[in-house]
Amino acid sequence: MKFFLLLLISISLNVIANGAAPGDTQIAIETQHTALVIRVSKDGDPTIIHLGKRLQNGADYALLPDNEKHGEDYTKIYNSVYTPAGGRNLLEPALQVSHADGNPSSDLKYVRHETQNVADGVVLTTVFLKDPQYPFEVKLYYKAYQKEDVIEQWSSIRHTEKKTVRLQKYASANLYIPAQHYYLTHFHGDWAREMNPEEIPLTAGLKVLDTKLGTRADLFQPPSFLLSLNKPAEEETGEVIAGTLAWSGNYQIQFEVDPLRNLRLIAGINPYASEYMLAPDKEFVTPAFLFTYSNAGKGQASRNLHRWARKHRIPQGEGNRLTLLNNWEATYFDFNEEKLTALFKDGKKLGVDLFLLDDGWFANKYPRNDDHTGLGDWQENKQKLPHGLGYLVKEAESAGIKFGIWLEPEMVSPKSELYEKHPDWVIKLPNRSEYYFRNQLVLDLSNPKVQDFVYGVVDGILTKNPTLGYIKWDCNAVIYNAFSATNPNPSHLFIEYVQGLYKVMEKLRAKYPTLPLMLCSGGGGRVDYGALKYFTEFWPSDNTDGLERIFIQWNYSYFFPAIATCNHITDWGKQSIKFRTDVAMMGKMGYDIVVSKLDEKELAFSQQALQTYNRVKDVIWKGDLFRLVSPQTNDIASVLYVSEKQDKAMWFSYLVGNRYREGSQAPIKLRGLNPEKNYKILEVNVYPGSNSPINRNQMVYSGDYLMTVGFNPSVDARRQSVVLEITEGN
Ligand code: DGJ
């Protein structure tokens, strides 16, 4: 009996406790706090044996078991670094191809790997894999951003077979994450209701996040998620992976709880209607999947991504941004030179840096007087702007502010000269009737001539108006009836559309490296780190209702930093201008109102708020974000930004419920301050004529006190939003 027991124990230990075997190779991809460890068996199969906290002693990775669970991996590749289809695989593949000879299987064996320091604190590991039966290679790239704890991962595929190889699935990333339980927070929405979170436990089998919309790809579901291990995600505790695919087109992210109850994650371009014919000697490079692992909750994961984005991704991520006055909600399509020049003066009076002229300034044969006509005809409308854009630029500048414009260069109206001249530039099926999204169609950016046209439109305007200070780049339609009249490979359209867009953006950025560009897609229909390589900021939603925005901005803040988040004060919502201003301050502030309609106090408040903003904006844009009280589960929301030196902080709190006596009932514990430092708290954005109870007695608090005991911002029905400036001092 004793013998059998010992035998049983030793068998199960064999199953779970087999560390590296002689001949195994270990590849550790590490950041300051995270490690992704790949083990290559002596048979050449590369698998993931660890994703999580970095171990202090690198030699300990050899002790890690091949998989951490009891049970049998029949294939020995459930945890493959890049699961090939068609052979012994039983689960979701990362790669599915049909070789030149028609063989639908692949095998990928390790060849070698190399590690390079590609920038200060950035290490790139490349793992070379090859099919033993075919001249077919895959390279896996892992860029580890040491200080920011972010890993950027992508793949490339190349072959020298005799003919084209059909790529049916070609993921960017294939990860393996062992835990007891998995909780996925994904986001969904639609126009004006972007980024609604939903947290679900992952059960055995597959959960897929994806989009098939082509252009305005994130309209229903953005490619960003939070994955929490063992227990639901919390703000400051627990293991969380925040992930996002840097691709502005159709994507697919699969979560598969495998038979061992480990989690397999596969992310990349959506294979839907996108078979890719790869010619010999050509390389197919997939977009990057980005992730960060935190063992201090969602908060740390967000701060990692924000730091990474500011430093390594978003143009001028650590630079400046312009406050602006936009005319969209003030005038819609109904304006002329006189109206606009009056608005410049209003902008100056308010104190913003720039005036942004929105939709409606162009097209003559089919004037853009509503959203049915004119897209594609990017010439100034002679009736509205007889003296052209140049005149407006000068007028704005002589009023003392810069001038920027709205463009939607990827689109075409059925009623436009462009459509008449180049029907084959339009994405549509010849034998299907046209179907419109916002009354418009999408240009075929997979066509190099269309790429040149789009580049030419933007470059032409900037060449003619060299001091133009800003472009808002909109994208309001999805792709229906996906078909290119000129692309020899119809199934490349979705992929080559995005590649075409990126080519245009690369060229524009090479010539105009510092131009501020707003990424807009009828709101947040295209917010991803593929596009944010080129754009300085994004428009989260057309919904600018102050209350709604607290939620929308909160949810974007999981992934994107405040410096890139455009928040405008508009007439949506019935909250006071103070409330709407306080909300818009948590990012890149702007206005879309008729300034002349503000009463005396509202104007004075707004002018003062802009001055305060200019003083404190660096803390909001470049500080660390701490989400203190969630509006999702409380009747208030509270958000803190702390400067890197911990000498300043900006603290925003809002009432989001409206039941009797709701408000901040108790002190809120701050985070991220220096416990050793002393701080003063001053209420700013105090409305003219009202008094701040907080400013009455100026006390000094230690960081330790504020983080242990906390402070009550006194939010209630009479003080629905409170902005506090925290400064080091005695
Ligand atoms: C959609 C954008 O989200 C709005 O801000 C505005 O620019 C309109 N398009 C203009 O058509």
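The first residue you see is number 1, and the count goes up from there.
The backbone N, Cα and C atoms fix where each Cβ goes, and this holds for glycine too.
Any TrEMBL annotation is an automated prediction that lacks curation.
Within 10 Å of the C-beta of ASP474 (active site, nucleophile) we count 24 further C-beta atoms, all protein chains included. Residues or ranges marked as active site, nucleophile by TrEMBL: ASP474.
All chains included, 19 other C-beta atoms sit within 10 angstroms of the C-beta of ASP542 (active site, proton donor). In the three-state DSSP classification, ASP542 (active site, proton donor) falls within coil. Residues or ranges marked as active site, proton donor in TrEMBL: ASP542.
In sequence order, LEU219, GLY522, GLY523, GLY525, ASP542 make up the list of same-chain residues 6 or more apart from TRP191 (substrate binding site) whose Cβ falls under 8 Å from its Cβ. DSSP assigns TRP191 (substrate binding site) to coil, not to a helix or a strand. Taken from TrEMBL, the feature substrate binding site applies to TRP191, ASP358, ASP359, ARG438, LYS472, TRP473, ASP474, CYS475, ASN476, CYS520, ASP542.
Look at TrEMBL and you will find 44-278 tagged as domain 'Glycosyl hydrolase family 36 N-terminal'.
Sequence annotations record features per position, and here TrEMBL assigns domain 'Glycosyl hydrolase family 36 C-terminal' to 637-724. Residue counts for the domain 'Glycosyl hydrolase family 36 C-terminal' (637-724) under DSSP (helix as H, G, I; strand as E, B; rest coil) come to 10 helix, 32 strand, 46 coil.
Here TrEMBL flags 1-17 as signal peptide.
Proximity of the recorded positions TRP191, ASP359, ASP474, ASP542 to ligand 1, judged by a Cβ distance under 6 angstroms to any of its atoms, singles out ASP359, ASP474, ASP542 in sequence order. Long-range Cβ neighbours of ASN476 (substrate binding site) (same chain, at least 6 residues apart, Cβ-Cβ under 8 Å): ARG216, GLU408, MET411, PHE437, ARG438, GLN440, SER521, GLY522, GLY525. Of the recorded residues, ASP359 (substrate binding site) and ASP474 (active site, nucleophile) place their C-alpha atoms 9 Å from one another. Under 8 Å, Cβ to Cβ, and six or more positions away along its own chain, LYS472 (substrate binding site) finds ASN326, LEU356, ASP358, GLY404, ILE405, TRP406, LEU407, MET518, CYS520, TRP539.
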